Structures are given as C-alpha cells and as structure tokens.
Amino acid sequence: MAHLVPAALPDSIFRAYDIRGVVGKTLHAETAYWIGRAIGAQSLAQGEPQVSVGRDGRLSGPMLVEQLIKGLVDAGCNVSDVGLVPTPALYYAANVLAGKSGVMLTGSHNPSDYNGFKIVIAGDTLANEQIQALLTRLKTNDLTLAQGRVEKVEILDRYFKQIVGDVKLAKKLKVVVDCGNGAAGVVAPQLIEALGCEVIPLFCEVDGNFPNHHPDPGKPENLEDLIAKVKETGADIGLAFDGDGDRVGVVTNTGSIVYPDRLLMLFAQDVLSRNPGAEIIFDVKCTRRLTPLIEQHGGRALMWKTGHSLIKKKMKQTGSLLAGEMSGHIFIKERWYGFDDGIYSAARLLEILSKTEQSAENLFAAFPNDISTPEINIDVTDEGKFSIIDALQRDADWGEANLTTIDGVRVDYANGWGLVRASNTTPVLVLRFEADSDAELQRIKDVFRTQLLRVEPELQLPF
C-alpha cells in the first residue's frame with residue numbers, strides 16, 4: 001500500500017456529515033487505509049496524536065477497521081481501539097480518554113452493504129469543507145508518515161457505569177427495547193435493565209445482515225414489531241435504536257409513535273425546570289409548536305440547519321444545554337457531553353417517565369399538536385437541488401409569511417408552515433408541511449407547488 005491509488009477514493013464518498021460508500025464498489029480496504037492516513041495527518045496538524053476508533057456490527061467492519069487503524073498508525077497516531085460499540089460510546093471515548101479525536105466506522109441506518117466514517121478531530125465533529133479537506137490532503141499527498149501504536153481499550157464498561165451513576169429512576173418500568181440487530185445491542189438492553197427496568201428485548205443480537213427490519217426508527221414501518229410487542233406485553237414504553245445507536249425512536253404504551261420534535265418538547269421542559277434561560281436548538285424540520293413551548297418554560301429557542309455535525313458546532317458556539325433534530329438525533333449537554341446519544345437520551349426519557357404518574361401516552365398527548373405530513377422526498381440531481389433552492393430563495397412569492405433561509409426555505413404562516421431544503425446526503429429535495437387544519441395544510445402545499453413549478457416546471461411533485 002505504498003502508492004496512493006486514486007481509483008480507490010471516489011469523490012462521491014466524501015459527504016456533508018461523514019464519509020460513506022458501498023463496500024466493494026466505492027469503499028474498499030484500501031480506501032479505509034488512506035482515509036486513516038488523512039485523518040491521522042489532520043489530527044496531528046491540530047495537535048492531537050491520540051485517536052479512538054470504534055466500529056458498528058456490519059459484516060465489513062473487521063476488514064475495514066483493520067486498515068483504518070493501520071492508516072492512522074502509519075500516519076504517526078496512537079490509536080485506542082474500543083472495538084464493537086455504538087457510535088455514542090466512541091464519542092464518549094473521544095471525550096473521556098486522553099485524546100479528543102475519534103473515528104467511528106459505521107454505515108448508520110444505511111443498507112447492510114454500506115459502511116462509512118464519522119469523524120471527530122480535537123473535539124470537533126467534521127462536516128462539509130472539513131471532510132473535503134481530508135480528500136484534498138489525499139489528492140495532494142499532504143500526509144504524514146511515522147510509526148504510531150495501537151492498544152485495545154475497554155470503553156463500554158466505563159460508559160455503562162457513568163450513565164447508571166447519573167440516571168436515577170423513581171420506579172420500575174416495563175420497557176421493550178428494539179435494537180434492530182444494530183450495535184446498540186451490546187449495551188442498551190443491559191443498561192436499561194441496570195437502571196431498574198424490566199426489559200423485553202427485540203432483535204438485540206448484533207447481526208450486520210439486519211434480518212428482521214431495517215435499523216432506522218425514523219421510518220414508521222420499522223417500528224411495527226416494536227408497537228406490536230409493546231401492546232402484547234402491556235409495556236410502559238417502547239424504544240428503538242438505529243444501526244449505530246446515535247438515534248432513538250419512541251412509542252408510547254398504546255403504540256403511538258412519538259416524533260423526535262415532540263420528544264424534544266419533553267426534554268426541553270425537563271432541562272428548563274433546572275436551567276431557566278437555557279438555549280434549546282432544533283432543526284428546520286421541527287414543529288412550529290416547539291418555540292412557544294420552550295419560551296413558555298423560560299428558555300430561548302434557536303432554529304438551526306439540519307445535520308448532526310452542524311447542530312453540535314452550534315451547541316458549542318452558543319453553550320446550549322439541549323438540542324434535537326427531526327431525524328431523531330438528541331444532544332444533551334446537561335449532565336452529559338452534548339453529543340448525539342440515542343442510548344443516554346433513552347435513559348433520560350425513562351427517568352422523566354418514572355417520576356410522573358402519567359402514562360407515556362398521556363404525557364406526550366398533553367403537548368400541543370398540529371396535522372403534519374411525513375417527510376416528502378423529490379428526486380432531482382445533485383446540482384439541481386441547490387439551483388432550485390437558490391431560485392426559491394431569490395424569486396418565489398410566498399404571500400404573507402415569515403421566511404427562514406438558513407437551510408433551504410422554511411415559510412411560517414399564522415396557522416402552519418412548509419419547508420423545502422436540499423438533502424445533504426442524497427440528490428433529493430426534502431419537504432415537510434404542518435398546519436392546524438387540513439384546509440390550511442392543503443393551502444400551504446398549493447403555494448409550495450406553485451412556486452416549485454415556477455422555478456422548475458419539469459418537477460414531478462407527489463402533492
């Protein structure tokens with residue numbers, strides 16, 4: 001592996017929040033080696049020779065992680081190999097071990113033939129131009145060559161003990177835990193049991209084939225098994241983790257899905273009860289009901305761009321104690337480290353639930369609600385998605401409304417809102433609508449339809 005083979009490094013795998021590709025097509029053992037070399041050089045340039053490395057349960061993990069570590073060591077880094085862990089445990093390692101850099105080898109919720117790299121350098125989760133800078137290092141051969149070393153480090157036990165020491169339940173709860181055969185299975189069911197819950201496990205054996213359902217709790221069809229098991233067992237709540245455990249999906253005791261922006265309402269209320277005036281960050285896809293709720297409980301609401309690395313950067317800038325996005329990433333800085341952690345978020349949810357006499361269904365039903373659409377995706381090209389958004393920001397006529405253009409165009413009316421933004425990970429436009437009545441929802445959709453077709457008449461719109 002002395003010579004760099006550019007064919008093993010397609011530009012397409014260097015994405016907005018991570019590096020991700022299809023194993024055997026755009027991602028090979030050699031790719032992992034050179035990515036390790038680039039990350040190592042960048043970490044050293046930022047004064048951080050120590051790098052933690054973890055992997056999820058994908059079948060390609062052992063092969064790729066071996067080469068990733070070899071690349072880091074050849075760059076001159078000292079690697080702490082934390083083994084098969086969920087992503088939050090790797091983020092935890094990059095907070096509590098000597099070094100503040102880390103690489104998680106994970107395909108997250110993508111199909112089983114994908115894998116990828118989530119990267120933290122000197123405490124900062126890489127995004128956008130920082131990820132492109134790694135590709136530039138490789139193309140210009142701006143690399144280091146030295147001999148580092150690798151040691152195996154047990155992090156899960158420490159992660160487990162710290163959460164069990166922090167989160168205290170007031171009563172025993174019956175909880176169904178669906179790990180979707182992802183990496184959360186190595187710690188989540190055991191942890192929730194250690195908190196004092198009765199755990200009914202579903203698909204908690206790590207299996208990179210994902211034989212039961214896709215490990216993406218953001219899609220309702222992947223929660224069907226969980227909902228059925230919650231109803232069948234009379235559980236207090238159901239929890240589902242994505243493939244690498246940095247997101248959590250929630251269903252109530254009656255089987256209703258709790259969408260992440262409503263979960264954030266509960267966390268906001270809880271955190272603000274102890275930290276009046278705290279800032280809470282949420283992404284542009286979240287309900288309009290969140291801002292008034294945060295303000296009513298004495299907090300400051302800040303809407304920001306979608307993307308876990310972008311939210312973490314904003315939290316650091318502002319000193320925010322809590323953030324969340326519609327995809328299910330929840331970031332808790334109060335009593336924790338501020339990274340997205342589906343497992344710790346689940347523990348904090350159980351703590352809140354254990355202290356109330358209300359059922360999960362009644363607890364969430366008390367929050368204001370609107371009629372909303374699921375996420376609507378429209379296929380376009382990668383270039384087209386940005387030019388359409390530019391044209392909408394520049395030329396569209398939305399009527400009497402409040403516009404937010406930090407990430408696409410969000411148009412807030414008196415009784416509802418609509419959003420169109422370019423996905424950072426796929427060649428699609430992402431839309432979402434919410435309103436207080438079906439008629440208003442339809443009216444807002446019609447406005448968006450008219451404006452979209454004005455700037456791009458060829459678009460195939462499903463609404």
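Every residue, even glycine, has its Cβ placed from backbone N, Cα and C.
The active site, phosphoserine intermediate feature in Swiss-Prot is assigned to S108. For S108 (active site, phosphoserine intermediate), the same-chain residues 6+ apart in sequence whose C-beta sits under 8 angstroms from its C-beta are D18, R20, D56, T87, G116, K118, D242, G243, D244, D246.
Other C-beta atoms found within 10 angstroms of the C-beta of D242 (Mg(2+) binding site) number 29, with every protein chain shown included. Look at Swiss-Prot and you will find S108, D242, D244, D246 tagged as Mg(2+) binding site.
Secondary structure from DSSP puts E325 (substrate binding site) in coil. Under the heading substrate binding site, Swiss-Prot lists E325, S327, H329.
Annotation for R421 (site 'Interacts with the biphosphorylated intermediate'): spatial neighbours V284, T306, I389, D407, G408, V409, R410, L429, V430, criterion Cβ-Cβ under 8 Å with sequence separation of six or more. Swiss-Prot lists R421 with the feature site 'Interacts with the biphosphorylated intermediate'.
Minimal Cβ crowding within 10 Å, among the binding-site residues D246, E325, is found at E325. For H329 (substrate binding site), other Cβ atoms within 10 Å of its Cβ number 24. Cβ-based neighbour count (10 Å, all protein chains) for D244 (Mg(2+) binding site) stands at 30. Sequence-distant contacts of S327 (substrate binding site), defined as residues of its own chain at least six apart whose C-beta falls under 8 angstroms from its C-beta, comprise G218, R247, P260, D283, K285, T306, H308.
Look at D246 (Mg(2+) binding site): DSSP puts it in coil.
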